[in-house]
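Trainee: Here it is, the structure in full.
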């Protein structure tokens, strides 16, 4: 087994802890090249310092200020209705200092243009208001000069003349009312002016002479025309300036974002004692050593440094980060596992098996090849458009669907497979794989399908015989089939989890875990539920009528009692007694030996010593987790014993509860099938029974709605969550610690807008 090649994704990549000693003149270029490579996770050597106490705080502030200016440009371009170029034109690279000067000039120019435009717009609005006031007030004064105006007529004229006036912005309109106030005396005038000022009203003088009114109106109209021309010219000039900025905006944003990330990373480094070199530490995969050294040599050459960058592999006391190399297919499954907890360094990765078991268990609950085809079409659409969707900013729901498109693909394929086994197409069975194995006893049952069916040929070739549909024993038969199938699948997956715990212990060299954890666990689980699975298979193969409930219950209550008609094979009773004794022995086997052996190993190792042993490498800390080496410095026997007792009790009780938990496969499969049947028979067939086109169309629409929103959305989500629980709890708790931390290298590819 040791000679077998390693399985991809089974173990995380081997990591090494490295130290970089970088001359100051090549530090920026070296970190930039490492960011392009994206294979080194820097360790923060200044974690005790605030951001304002770090070495490159001024450069970070400058980049943050440039990011603010670029966001300002982006907002201005968006408000103007212009589009920034996604593919900027080719231009020579500019230095950060030169870009900073350009951005400051562009910002000052834009601010000045906006201020001038605002002043012109304000003057334009004032003149427009004045023009409207002259028109409304002039017509009112003319009518009041020829007719006696009562108070009621005055009120009507005051409040009925509304107009929309442009203010502040080309895109904003504010409703304003033209009103006239008549008063007598200076004191009343003073009060009226204060009230109007308090409500933001504008005052405009309106002469009583009609000739002067017309003259002022012509002057205002002429001035408005001039301002419109000036405003249009200003807008064109501003849009031209914004367009010139938009051509380079994407490149500038990327450049500033990268520079800020570089200086943030440089702030994690320290100066050496000579103050001429920067010292950095971090984690990198072992396979990336040659690439990192090549990038550092290139940085030394490009910066014309006389001193090379020193790359030194060190020992580390802390556990390395976990890094799995995934692709677009396996990434979604890895994310499902990581949502529970990131794998401990080099422990078995559940996602290797989750790729198949997760969509399969989903399909066991969702099995219907008609619904599976609908899911398959949706998955194929997402996959066909992945190049386009990958470059777009999607909503949270669409982003989730897009990220899980390959999970959806496998879920749909397995749903079609399980649907063919269940022989359900939107709950309707079909004779796809030949004729039924049953026929009617006589002609009277040819339509009822409830009694009189007899078997006349070999079993149906694949899946459930369509004749079970509508028969009296349909529900008992399917319940029995799916319940037993759920137990078989559950016991198989739990055994797989325990076997993976063996490979974990073997990989880390922990013989104690193999002898006193793996062996008793595999014995206990299979003495009870492995035996139950064997009985199910024998009963299926022999067609026995034995009551398995009775067999399992009396295996504990009366193990020596004669089984009678419930006996499935010769020697069943002594085998049950042996298995029961093994299960009883396995419990203390799990509980007692390991804590006492750990105590003895600890005592022997430190007997006669008054000091501890210094760890020489991170291998010393990781080679034997949960073993004697782990408790070298601070061994507490009572704590170890209580931990082992909790672990043992949890496994014993979990063996029962986890097996019962897999019955959700049966429950959800039955619920999905019955819901499909109800919608088909009580909605579609019921509507189709009427000889009316409208009723048929309504029934078809209701059936399509129920299928899409209840069966394809809610039932999919329900089955997904239950499959998730079975993997997180029932499967992974047998071997998976999930207390590691992700490898997060410094990479320009992972920079987002949130980091500006």
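Note that Cβ sites are derived from N, Cα and C of the backbone, with glycine treated the same way.
Residues or ranges marked as coiled coil by TrEMBL: 89-123. Taken from TrEMBL, the feature transmembrane segment covers 358-383, 404-422, 485-505, 517-538, 575-592, 693-714.
I'd like these features described in context: how deep, what's nearby, how far apart.
Mentor: Same-chain residues lying 6+ beyond the ends of the transmembrane segment (404-422) with a Cβ under 8 Å from its Cβ atoms: 328-329, 332-333, 336, 355-356, 358-360, 362-364, 366-376, 378-380, 382-383, 386, 432, 462-464, 669, 673, 716, 720.
Listed by sequence, the residues of this chain that lie at least six past the ends of the transmembrane segment (517-538) yet keep a Cβ under 8 A from its Cβ atoms are 484, 487-488, 491-492, 494-495, 498-499, 501-502, 505, 544, 546, 548, 551-552, 568-569, 575-576, 579-580, 582-583, 585-587, 589-590, 594, 651-652, 655, 659, 734.
Within its own chain, the transmembrane segment (693-714) has Cβ neighbours under 8 Å at 368, 371, 374-375, 426, 672, 675-676, 679-680, 683-684, 686-687, counting only residues six or more beyond its boundaries.
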Trainee: Same chain only, please: residues at least 6 beyond the ends of the coiled coil (89-123) with a C-beta under 8 Å from a C-beta of the stretch. Say none if there are none.
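Mentor: Same-chain residues near the coiled coil (89-123) but 6 or more away: 62-63, 66, 69-70, 72-73, 76, 166-170, 227, 230-231, 234-235, 237-238, 241-242, 245, 247-248, 251-252, 255-256, 259.
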Trainee: What residues elsewhere in the chain lie close to the transmembrane segment (358-383), defined as a C-beta under 8 angstroms and at least 6 residues from its ends?
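Mentor: Hits for the transmembrane segment (358-383): 333, 336, 389, 401-402, 405-422, 424-428, 485-486, 489, 664-665, 668-669, 672-673, 676, 707, 711-712, 715-716, 718-720, 722-724, 726-727.
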